[in-house]
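Colleague: Here you go, one structure.
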Amino acid sequence: MDRATVSLIVLAAGQGTRMNSDLPKVLHPLGAAPMLHHALRAGQSLEPERVVVVAGHGAEAVAKAARAFDESIEVVVQAEQLGTAHAVAQAAPLLADAPGEAVVLYGDTPFIRPETLERMLDLRSRHAVVVLGFEATDPGRYGRLVTRGEELDRIVEWKDATDEERTISLCNSGVICAEAGLLLALVSEVGNANAAGEYYLTDVVALARVRGLSAGVAICDEAETLGVNTRAQLAEAEAEFQKRARAAALEDGVTLTAPDTVFFALDTFLGRDAIVGPNVVFGPGVTVESGAEIRAFCHLEGCHISRGATVGPFARLRPGAELAEDVHVGNFVEIKNAVLDEGVKVGHLTYLGDAHVGEHTNIGAGTVTCNYDGVMKHRTEIGAHAFIGSDTMLVAPVTVGARAMTASGSVITENVPAEALALGRARQVTKPGMATRLMEMFRAAKAAKKKEAP
């Protein structure tokens, strides 16, 4: 099937009152990304020609998050939440002439797999409407899928189901696909004569059957249909996401020495033969190339780590950190918006921000790039093969040339030419015997205070 003819409709209008939050439900973070992004990512696998997000509660924030994922996404607003069919109908003006298929997803159902959506589209060759269903361990209040042989006869919401229909374990996920024009036509015929007075998207199946059209069911694992309506379900979803991410990393040839203690983001990329130690947290935007090692208790976000580099333990890489091949970043080092060229060593207790460090330079313990003047950030440039002595303060903007050195304890406020040695500290003064005399003075003063005390 030509995937260019797929249109995606993502329903994201719900307020999520049970979340007890000012944040729209679909924007709660899951794997360090808005829950909405998970649904969009699954749908993106179909290479849709158009994507329409139906927003409602917090529409402006939802639209911003959707366009942060893909600027081409179109957003419509469902001012009143009158049901799922009503929500899909809001997309009709944008998709009235859309060719090909329409697939409806939900912003609060983050685990639908791309291969599941592919199977749904494959079933479209046999059925006019295809619904995604699952065998529920505890059917509860899910809508039931009533089938006749291999065909789907209708979907019955729990509130409207008979006692016999409630015994059915095949349940509705809400995900549906059909030819775009047909889906919108069926949606326009949906009424609200039901217990909730809502316009149910599920009614399109019965309406299709009235037209003599066939409906079918694609069945997926129940875990894919996990919806998030409460904080407890959000925690459950986070656990499921991390479980999947860890399994995928191991399958892709990554070593996780303590998998259950490593936490991934939605877009984390780890190359084959990368090694990740225990208690590592990946925030958004992290790429770790093949053969790199992240040691225990590191926190990384928005960074790129090249082959052969080692990070940690106890290191923090922030957005804009770029580590070239064979860079070593040791314990209690923080790097932000800084590029470290090949072979740079930053062993411990250092902050490098808004900086560029040339190849094979050594950064001594306690070095700080003083990049902020209270109003603006300034850059530090350090050349190749330089040696920055321990406890050096580099007051930006400042440049240290190639093969230059700074003496330990220096405060560098002026540029250092290539191959020069810079000393920016007071000269040491040594006074023989003064330590003993000072201690005697201090003890005498302390004794005098004790005598004066009442």
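Keep in mind that glycine also has a Cβ here, set from the backbone N, Cα and C atoms.
So Swiss-Prot says this about it:
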type     : residues                                                                                            : note
ACT_SITE : His348                                                                                              : active site, proton acceptor
BINDING  : 11-14, Lys25, Gln78, 83-84, 106-108, Gly143, Glu157, Asn172, Asn229, Arg318, Lys336, Tyr351, Asn362 : UDP-N-acetyl-alpha-D-glucosamine binding site
BINDING  : Asp108, Asn229                                                                                      : Mg(2+) binding site
BINDING  : Ala365, Asn371, Tyr372, Ser390, Ser408, Arg425                                                      : acetyl-CoA binding site
REGION   : 1-231                                                                                               : region 'Pyrophosphorylase'
REGION   : 232-252                                                                                             : region 'Linker'
REGION   : 253-454                                                                                             : region 'N-acetyltransferase'
Colleague: Is it possible to get the count of other C-beta atoms within 10 angstroms of the C-beta of Asn362 (UDP-N-acetyl-alpha-D-glucosamine binding site)?
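Modeller: Taking all protein chains shown, Asn362 (UDP-N-acetyl-alpha-D-glucosamine binding site) has 18 Cβ neighbours within 10 Å.
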Colleague: Which residues of the chain, 6 or more past the ends of the region 'Linker' (232-252), have a CB below 8 A from one of its CBs?
Modeller: 19, 28, 30-31, 35, 38, 110-111, 223, 226, 259-260, 262-264, 266, 268, 270, 272, 276
Colleague: Taking Ser390, Ser408 as the binding-site residues to compare, which has the smallest set of other Cβ atoms within 10 Å?
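Modeller: Ranked by other Cβ atoms within 10 Å, the binding-site residues Ser390, Ser408 bottom out at Ser408.
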Colleague: Starting from the Cβ of Gly83 (UDP-N-acetyl-alpha-D-glucosamine binding site), draw a 10 Å sphere and report how many other Cβ atoms land inside it.
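Modeller: Step by step: centre on the Cβ of Gly83 (UDP-N-acetyl-alpha-D-glucosamine binding site), count other Cβ atoms within 10 Å, giving 21.
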Colleague: Specify the secondary structure state of Arg425 (acetyl-CoA binding site) as given by DSSP, simplified to three classes.
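Modeller: SS state of Arg425 (acetyl-CoA binding site) = coil.
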Colleague: Taking every protein chain in this structure into account, which of the binding-site residues Asp108, Glu157 has the most other Cβ atoms within 10 Å of its Cβ?
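Modeller: Counting Cβ neighbours within 10 Å, the top one is Asp108.
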Colleague: Round to the nearest Å and give the CA-to-CA distance linking the residue listed as 'active site, proton acceptor' with Asn229 (Mg(2+) binding site).
Modeller: 44
Colleague: Highest Cβ count within 10 Å among the binding-site residues Gly14, Gly107: which residue is it?
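Modeller: Of the binding-site residues Gly14, Gly107, the highest Cβ count within 10 Å belongs to Gly107.
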Colleague: Using a 10 Å radius around its CB, how many other CB atoms surround Asn229 (Mg(2+) binding site)?
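Modeller: I count 14 other Cβ atoms within 10 Å of it.
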Colleague: I'd like to know which of the binding-site residues Leu11, Gly14, Asn362, Ala365, Ser390, Ser408 sit within 10 A of Asp108 (Mg(2+) binding site) at the Cα level.
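Modeller: Near Asp108 (Mg(2+) binding site), where near means Cα within 10 Å, the binding-site residues are Leu11, Gly14.
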Colleague: Where Asn229 (Mg(2+) binding site) and Ser408 (acetyl-CoA binding site) are concerned, what is their Cα separation in Å, rounded?
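Modeller: Here the two Cα atoms lie 56 Å apart.
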Colleague: Taking the Cβ of Ala365 (acetyl-CoA binding site) as centre, how many other Cβ atoms lie within 10 Å?
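Modeller: Result for Ala365 (acetyl-CoA binding site): 19 neighbouring Cβ atoms inside 10 Å.
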Colleague: Could you round the CA separation between Ser408 (acetyl-CoA binding site) and Gly83 (UDP-N-acetyl-alpha-D-glucosamine binding site) to a whole angstrom and send it over?
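Modeller: About 68 Å separates the two Cα atoms.
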Colleague: Any idea what the Cα distance is from Asn362 (UDP-N-acetyl-alpha-D-glucosamine binding site) over to Arg425 (acetyl-CoA binding site), rounded to a whole Å?
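Modeller: The separation of the Cα atoms works out to 20 Å.
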Colleague: What whole-number value in Å do you get for the largest C-alpha pair distance within Ala365, Asn371, Tyr372, Ser390, Ser408, Arg425, the residues recorded as binding acetyl-CoA?
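Modeller: 22 Å is the greatest Cα spacing among the residues binding acetyl-CoA.
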